[in-house]
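As annotated by Swiss-Prot, region 'Disordered' applies to 1-93, 126-173, 352-421, 958-1170. What Swiss-Prot lists as region 'RNA-binding' is 299-401. The feature region 'Integrase-type zinc finger-like' is assigned by Swiss-Prot to 583-640. Positions annotated as domain 'Integrase catalytic' by Swiss-Prot: 660-835. The Mg(2+) 1 binding site annotation in Swiss-Prot covers Asp671, Asp736. Among the features that Swiss-Prot reports, motif 'Bipartite nuclear localization signal' is placed at 1178-1212, with the record citing similarity to another entry. Positions annotated as Mg(2+) 2 binding site by Swiss-Prot: Asp1346, Asp1427, Asp1428. Summarising the annotation, Swiss-Prot assigns Mg(2+) 3 binding site to Asp1610, Glu1652, Asp1685 and lists sequence analysis as the type of evidence.
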Amino acid sequence: MESQQLSNYPHISHGSACASVTSKEVHTNQDPLDVSASKIQEYDKASTKANSQQTTTPASSAVPENPHHASPQPASVPPPQNGPYPQQCMMTQNQANPSGWSFYGHPSMIPYTPYQMSPMYFPPGPQSQFPQYPSSVGTPLSTPSPESGNTFTDSSSADSDMTSTKKYVRPPPMLTSPNDFPNWVKTYIKFLQNSNLGGIIPTVNGKPVRQITDDELTFLYNTFQIFAPSQFLPTWVKDILSVDYTDIMKILSKSIEKMQSDTQEANDIVTLANLQYNGSTPADAFETKVTNIIDRLNNNGIHINNKVACQLIMRGLSGEYKFLRYTRHRHLNMTVAELFLDIHAIYEEQQGSRNSKPNYRRNPSDEKNDSRSYTNTTKPKVIARNPQKTNNSKSKTARAHNVSTSNNSPSTDNDSISKSTTEPIQLNNKHDLHLGQKLTESTVNHTNHSDDELPGHLLLDSGASRTLIRSAHHIHSASSNPDINVVDAQKRNIPINAIGDLQFHFQDNTKTSIKVLHTPNIAYDLLSLNELAAVDITACFTKNVLERSDGTVLAPIVKYGDFYWVSKKYLLPSNISVPTINNVHTSESTRKYPYPFIHRMLAHANAQTIRYSLKNNTITYFNESDVDWSSAIDYQCPDCLIGKSTKHRHIKGSRLKYQNSYEPFQYLHTDIFGPVHNLPKSAPSYFISFTDETTKFRWVYPLHDRREDSILDVFTTILAFIKNQFQASVLVIQMDRGSEYTNRTLHKFLEKNGITPCYTTTADSRAHGVAERLNRTLLDDCRTQLQCSGLPNHLWFSAIEFSTIVRNSLASPKSKKSARQHAGLAGLDISTLLPFGQPVIVNDHNPNSKIHPRGIPGYALHPSRNSYGYIIYLPSLKKTVDTTNYVILQGKESRLDQFNYDALTFDEDLNRLTASYHSFIASNEIQQSNDLNIESDHDFQSDIELHPEQLRNVLSKAVSPTDSTPPSTHTEDSKRVSKTNIRAPREVDPNISESNILPSKKRSSTPQISDIESTGSGGMHRLDVPLLAPMSQSNTHESSHASKSKDFRHSDSYSDNETNHTNVPISSTGGTNNKTVPQTSEQETEKRIIHRSPSIDTSSSESNSLHHVVPIKTSDTCPKENTEESIIADLPLPDLPPEPPTELSDSFKELPPINSHQTNSSLGGIGDSNAYTTINSKKRSLEDNETEIKVSRDTWNTKNMRSLEPPRSKKRIHLIAAVKAVKSIKPIRTTLRYDEAITYNKDIKEKEKYIQAYHKEVNQLLKMKTWDTDRYYDRKEIDPKRVINSMFIFNRKRDGTHKARFVARGDIQHPDTYDPGMQSNTVHHYALMTSLSLALDNNYYITQLDISSAYLYADIKEELYIRPPPHLGMNDKLIRLKKSLYGLKQSGANWYETIKSYLIKQCGMEEVRGWSCVFKNSQVTICLFVDDMILFSKDLNANKKIITTLKKQYDTKIINLGESDNEIQYDILGLEIKYQRGKYMKLGMENSLTEKIPKLNVPLNPKGRKLSAPGQPGLYIDQQELELEEDDYKMKVHEMQKLIGLASYVGYKFRFDLLYYINTLAQHILFPSKQVLDMTYELIQFIWNTRDKQLIWHKSKPVKPTNKLVVISDASYGNQPYYKSQIGNIYLLNGKVIGGKSTKASLTCTSTTEAEIHAISESVPLLNNLSHLVQELNKKPITKGLLTDSKSTISIIISNNEEKFRNRFFGTKAMRLRDEVSGNHLHVCYIETKKNIADVMTKPLPIKTFKLLTNKWIH
């Protein structure tokens, strides 16, 4: 870079102050700045980089071009005329040209301001005092290297500066940014130092060492201007220069002050990070030092919070203060002041002990708000106060620590201290005892505490008032003393076994005895100096000996670490045995914990692992000696035998040895287990485990599936966790070759994060032993936990998680540490742990009423990962909660069915273990805790159903089968909660499976025909049909039918009273059937039996010829010849081979299908699409016999808890007959709010597009004068009901454009602010389809238009106000609306009236009567849908004329003019249309479905076997009672609404072949069972697989110029619940399917003929309306046809015999149909059933039949 620059400027031959710097800067040895200059960074890489980045252009080169340099003459350079500095203040020639400096001071060399060109300085003469610059780049520097010095010159005069003139000096770099100015000033100061100007640089007090000369001032001014361009100067520098542009010294002084301040901050931070305190200096001084540093940093803008400050202080504590690290590290809200109180207390106690004064220290663990007790996990804190004189110390209780202290030091084999030793013995480590001194531990000490910090010694404690010892072999005259109360430093009780004498035999052959207490619950044996002083023995820490008052030396003292010790060899042994001493005093407080209890508490781990863990303090709160290990050797846990049964062990030592060289958390093993079958959908089926190679730390995560995105989420989570929590980076992950690990997505993720995947070789499972062994261990534990607790299987992952928590805390036999210890974490506090499945009572924070019991029975699972609470399973609520508000249940009963656990009752042990935690709960109860039983992230396990048999038992107790009164309800407080056992009842879920979680897939028994006989009187039939409840509790309905029996009884298990039905046979003659009708009371009519009516007697009509074409009167507009062939011609009917017609007797036709369950729905009878969607109400009122099951709340059986509390989840009885209409199906929300689109949108590109759309919308609103901009109203002045909330919504349209819309919240608009009679009309879909069909047949041009901001063209009459848009920032103001804003109730109606008036008055159109939004004139037809217009015309110019007229008033955009003769593609109201005039039209939604369906989160199977049909015949939806908790129910209903909403949209647009399935599933929106959801998923899957299908139309070629409108009708008799029939109609115009309808008959039909009549009567009104529309749009004659495959229906329509109408209802229906057919000139024709395409609208069909009926018109 430098060579390039110099080559551009050959005139720089002798060097220049502007030359590019390519080497490190050279420094002198003087530093007048004292602090700041010494801290200035070396000018090395930064300066080189700054210069190397300069370009070679004249504008930015490090050596700016100077055209005047070639011949620098005084007259040739004009003075500067502009610049940042004032022209009148420029230096005079005399000032800039001092004597003796002619070349540098020449006026031509004064830099032009504002630095229009940089001056090129010629080298001064040899007499000059200023330095010369290198003549070439390659010239070596004769100055010292940068490493040789980094200080400034400290001269007192200018003469001294000139005594060490350097030959060559490198200039500073050019300043390129204001942010770089602080670093640049440092290099500039070094430049001045190297130029022998160090004496003029201001010192720390702001004054230079010497006075600056005029020549030096000129040099300073010019060089500063050269290398610091004005545009790059900071603001404060510019402010100084604006006052005095030559005051460079002030700038330097200010810069040095800032550098000094920065240096002080750095020093403070370093000091704070390296604090050290051990009590050698006063605590006040230490506190003052620390607080001054923190205050200084805070004042300089560096905020040090309490948490960070306390951590830094605690890290520097040592000696007796070190323990504060461990007692304080969990206190989250600790302050510096509180920490220093503890430090002061220890210091004062230390000083007081040394001065023989009473001492006291506040216990640092006594926090007011601390609800837990934390165990010190390090060596003792307060037991080693060793003053030189302790004779006058006050007696205090012993302050010792439990054995839970950590110890990682090796043991000592012996200790040896010379008898003549009088000098202090200082031991730096335990091995220093091997000093050649022969004093081994006495053999009488049979208790070898090899884990002691100094084995075989007593710890001298000045703070202990009593002597305590763990070994029973040194206690003489032991006796029981239960009244002694001893506490440790944390004020915790120390259980005492016995009291006795401790006898010493010192080296002067004297014997002494003191009192001693025996306890195994301390870390070290303590020798109280107070008790020694009582027998005239003192400790001299000057000579390190124990001595009497006369100076007699008794024993040496050993100093090890911070403490002083005396050997146990001076103790005399006793003859008492350990069992004797342990039995001297037995109480509840000293009783050891039984091993079976600890075994179960610690997740059924083996005894060896538990002992290692207790021995190494990885499990805290108690030690190894607190456990009774006598039964551990031969103890067999029955649950372990069952849960951990195995064949053989894994092969060990199979992984590579090089993995051991990795650091913690750099090498992970992972594996996936699953699936676990027969679980609820909400429970995880898999889990993925991770194991760290070094620490063996384990993680487990639940999975519901093994999809790529699920696995990727887990990997992302664990990598972030390790990075943030352990500051480590994962380098390698070992895994098997499963597809979930080898997929491309995960491989890219690992590659992006720099992680090496290590896969096992094929069929080499041994190489993956770490992960596989972990999974096996966890599964063994899981099975054992579930077996032991009796909890349902869907909680299996909670057992896995509990086991993981415990396993991470258990020590490894090899490393003797736990995974938590290896990871640097504290040990597991077992006092916070409960056995898995422990029965508890949880406080109900939100009871149903004030008198409702406050306790909810539950089972403890595992500690919470997110709080200090516990995860508890509540069977009655079917969910888990995270809470601390619980009480442990106690009981003495047997805990297992198979095993006798009477001898293993651990209630007392559990109470002792959780005593501290109990006090915490009690305090919370007193303070009225606000714990809200937060639902944990384990609620995925809460979906579990009671076994049907269990619920039947509950019902049998709650409801009397003979009592007619409602059952009484017993609340929980009617019975006292009995003592419970640890095991949950087996009835919860003994064999959980999908069959008893979801409604049974077994179909109920079908109605049986007891006798079908043909009688001589006309074929009398006897049909006994059982009364079936709308919802059955059991899987099967019991019914017995005798061939001759006429009595039938059915009991409804859901009714409050038993109903007996007696079937009364009804016989009739003359062609009728005998049937049985139940005698029911008026209250039972809703449960009546609906029997089949006799079929219509068609015997008389059979003799007559049955015409296929009904002769009717014709009008003049109808052709005279209407034959069946002309009606059926050109219809898209299937091609069938000719078959002879097969006539079936009507009586046989009317028999009910044998496999049709009359109360079940199939995808042949799932019922109506009508379904309520309102789910907010807690109680839904359904019609007919809907019942809410009210079960007694008798809970917790006194015998082994054989029944759970009846669940609070609402039982929803499946009753399709109660559903009347689809109120609304919630659409899929495709819009975004303002905060989603802009405020919190992380996609920058998308955010910018939404911002542009936002401003575009605002501009359009202002352009349309939407509101009054002349005045803003105060909110208090306006009636609140006239104020409408407003909001912005954003969405991305299908064409990729981003749109914003400002809308009003019309959903909360007050009714007084609009006219409810006004309607917002849009074009009916049938009208659009009719117009498109006519356009194809008549070669019409189709033009698509869009009117921008259509609603804003309509004025608003009402006085309404809205809040201004957010960008105006006037939240407290209102503006008055002038236009119909989107969202207002009246906006749609206002726009409709506005555009309607304009089309009629200005465009000459008229609206078709009966069809809103369809306008026509002689040439053009317009279909209007809000702001979208579709124009149809045979002449394109007619369309253009309409467009021109519209553009005069509205902002009209032409979406598609439609002028091409080739295929044109449209997107009209969601339909994707391909149209070629005169040939064909194809209607589909492929692109839309491809975009929308994946957003539904439906598990699609793109590569699997495609469904050939949306459903299969014979598949029935079970109507078992569905019981879900409210949130789960609402979630599933909402999911059903989304799925069915999309399916309905597609079906009614063009996929008429799916309408039956859509309608059927829509009836079950409020019954979202697993079966219903699975069927819905299959329907969506079928739509996805066939998303490319299209409705195909071809141009018709009629023989005569007529339009032919046909409806094909069909009905499926009695195939819906409660014997309702399904009816379907398909409408065709000129052979093209334009619409379809499938629905359940609103009335119950009594025969097939009646069902067909009902179907036809439903189709006629729409057929007539369509006929009117076709005649209005196209003046051709029209032929209307009605096709059915029911000959009996045709016979009734054409017959004049009224005797065929057996009752008034049927007669009126048939007569009306006769009138409609004759009055509307309908041609009724017969069509074969195999060709009846309407059959797909009424029932599920086999795949072959379904394809045959649909492949002609949709493919």
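Cβ atoms here come from the backbone N, Cα and C positions, even for glycine.
On the structure: features taken from Swiss-Prot.
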| residue | record | CB count, 10 Å |
| --- | --- | --- |
| Asp671 | Mg(2+) 1 binding site | 21 |
| Asp736 | Mg(2+) 1 binding site | 20 |
| Asp1346 | Mg(2+) 2 binding site | 15 |
| Asp1427 | Mg(2+) 2 binding site | 19 |
| Asp1428 | Mg(2+) 2 binding site | 17 |
| Asp1610 | Mg(2+) 3 binding site | 28 |
| Glu1652 | Mg(2+) 3 binding site | 25 |
| Asp1685 | Mg(2+) 3 binding site | 20 |
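Look at the region 'Integrase-type zinc finger-like' (583-640): DSSP puts its residues at 27 helix, 6 strand, 25 coil. For the pair Asp1610 (Mg(2+) 3 binding site) and Asp671 (Mg(2+) 1 binding site), the Cα-Cα distance reads 57 Å. On the 0 to 100 pLDDT scale, the domain 'Integrase catalytic' (660-835) averages 88 in this prediction. Checking each of the binding-site residues Asp1346, Asp1427, Asp1428 against Asp1685 (Mg(2+) 3 binding site) by C-alpha distance, the shortest gap belongs to Asp1428. Look at Asp736 (Mg(2+) 1 binding site): DSSP puts it in coil. Calculated from their C-alpha atoms, the gap between Asp1427 (Mg(2+) 2 binding site) and Asp736 (Mg(2+) 1 binding site) amounts to 58 Å. The record gives Asp1610, Glu1652, Asp1685 for Mg(2+) 3. Within 8 Å of the mean position of their Cβ atoms, the other Cβ atoms in that chain belong to Ser1609, Ala1611, Ala1655, Thr1684, Ser1686, Thr1689, Thr1729, Asn1732, Ala1734, Asp1735. Other residues of the chain with a Cβ within 8 Å of the Cβ centroid of Asp1346, Asp1427, Asp1428, the Mg(2+) 2 site, are Leu1345, Ile1347, Ala1350, Phe1425, Val1426, Met1429, Lys1453, Ile1455.
Counting in whole angstrom, Asp1346 (Mg(2+) 2 binding site) lies 44 from Glu1652 (Mg(2+) 3 binding site) by their C-alpha atoms. In this structure, the CA atom of Glu1652 (Mg(2+) 3 binding site) is 39 Å away from the CA atom of Asp1428 (Mg(2+) 2 binding site).
Between the CA atoms of Asp736 (Mg(2+) 1 binding site) and Asp1428 (Mg(2+) 2 binding site) there is a gap of 57 Å. On a Cα basis, Asp1428 (Mg(2+) 2 binding site) lies 56 Å away from Asp671 (Mg(2+) 1 binding site).
The DSSP secondary structure for Asp1346 (Mg(2+) 2 binding site) is strand.
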